[in-house]
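Pulled from Swiss-Prot, these are the features on record:
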type	residues	note
DOMAIN	23-141	domain 'EamA 1'
DOMAIN	160-280	domain 'EamA 2'
TRANSMEM	8-28	transmembrane segment
TRANSMEM	41-61	transmembrane segment
TRANSMEM	72-91	transmembrane segment
TRANSMEM	98-118	transmembrane segment
TRANSMEM	121-141	transmembrane segment
TRANSMEM	148-168	transmembrane segment
TRANSMEM	178-198	transmembrane segment
TRANSMEM	207-227	transmembrane segment
TRANSMEM	237-257	transmembrane segment
TRANSMEM	260-280	transmembrane segment
Amino acid sequence: MNDALKTYLKGICWFLLSLVTSSVNDVISKYLGTRLHSFEVAFFRFLFSSIVLLPFVVYYGKSTLKTRHPVIHVLRGLLLFFGMTSWTYGLTIAPVTTATVISFSIPLFTLILAVFILNENIIWQRWVVTVVGFIGLVVMLKPHTKDFNPEILYLILAAISFAMLDIINKKFVVKESMLSMLFYSAIVTAIVSLPVSMEYWITPSSFELTLLFVLGSSGSFILFFLLKAFTMVDATATAPYRYLELVISAIAAYFIFNEFPDKSTAHGAVIIIPATLFIMYSEKKSMSSKHESQ
């Protein structure tokens, strides 16, 4: 095995670790959401996330928290609060696999938002594929049938919030340190979550607190795993493996919640996955063309 292949395989392994951690987070969130309100889950999740990040702040020094965009950090925190509370609540309504497929639609929302917020020009092929992707969502959610539960739309609202976060990150991540973006968004989300969570407060058990700590700290681990992966392989090379999360989620949901993906989820995934893959590869090609022309 040559060195290039070894590096590639290591990078993919790091990326797969991020997928496993993400799936574990969804399973934990669904479990906690059956007893604790999503506001309270968000409060503890980001409180523990802030605590976990504190040693890194001390190590790198206060200067790493200096920011020119405090309003942007507040906006990110508000979006994260809305997105995570909607996602946690949605997980109590829908199967984990359905939520996972909906998360695959985030690039579709990001593309549309980029047109209005970043004034990006989108080629017609990407518009066509985006429409196809949304058709996949409709196929999966079945809004035209009596089985449709409107509360599943909380997951769609969460996906839109995460797409908004992607847009903000795309515009400001080069101007801010990664640590400051993580720390401030966690602090803001915890602060915003506290007063609303008091309305629905249920004192967590020691086991639930342990799970909440895992939930809070694992977000940083996901970022670490992704950064390690992207130092070894190109982000585009990991794109096909992104959808293994559906397999991981399906296995976890089956053994823990006795859930099994229905046909509509499978049909929706078959439509959404190729659509988002095309968008990612198209964006990569567009970025490469821009660099070559400079």
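Backbone N, Cα and C atoms are what each Cβ position is placed from, and that goes for glycine too.
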Counting a contact as 3 or more Cβ pairs under 8 Å, with residues at least 6 apart in sequence, do the transmembrane segment (121-141) and the transmembrane segment (260-280) touch? yes
Per DSSP, what is the residue tally for the domain 'EamA 2' (160-280) in helix, strand and coil? 100 helix, 0 strand, 21 coil
Over the span of the domain 'EamA 1' (23-141), how high is the average pLDDT in this prediction? 89
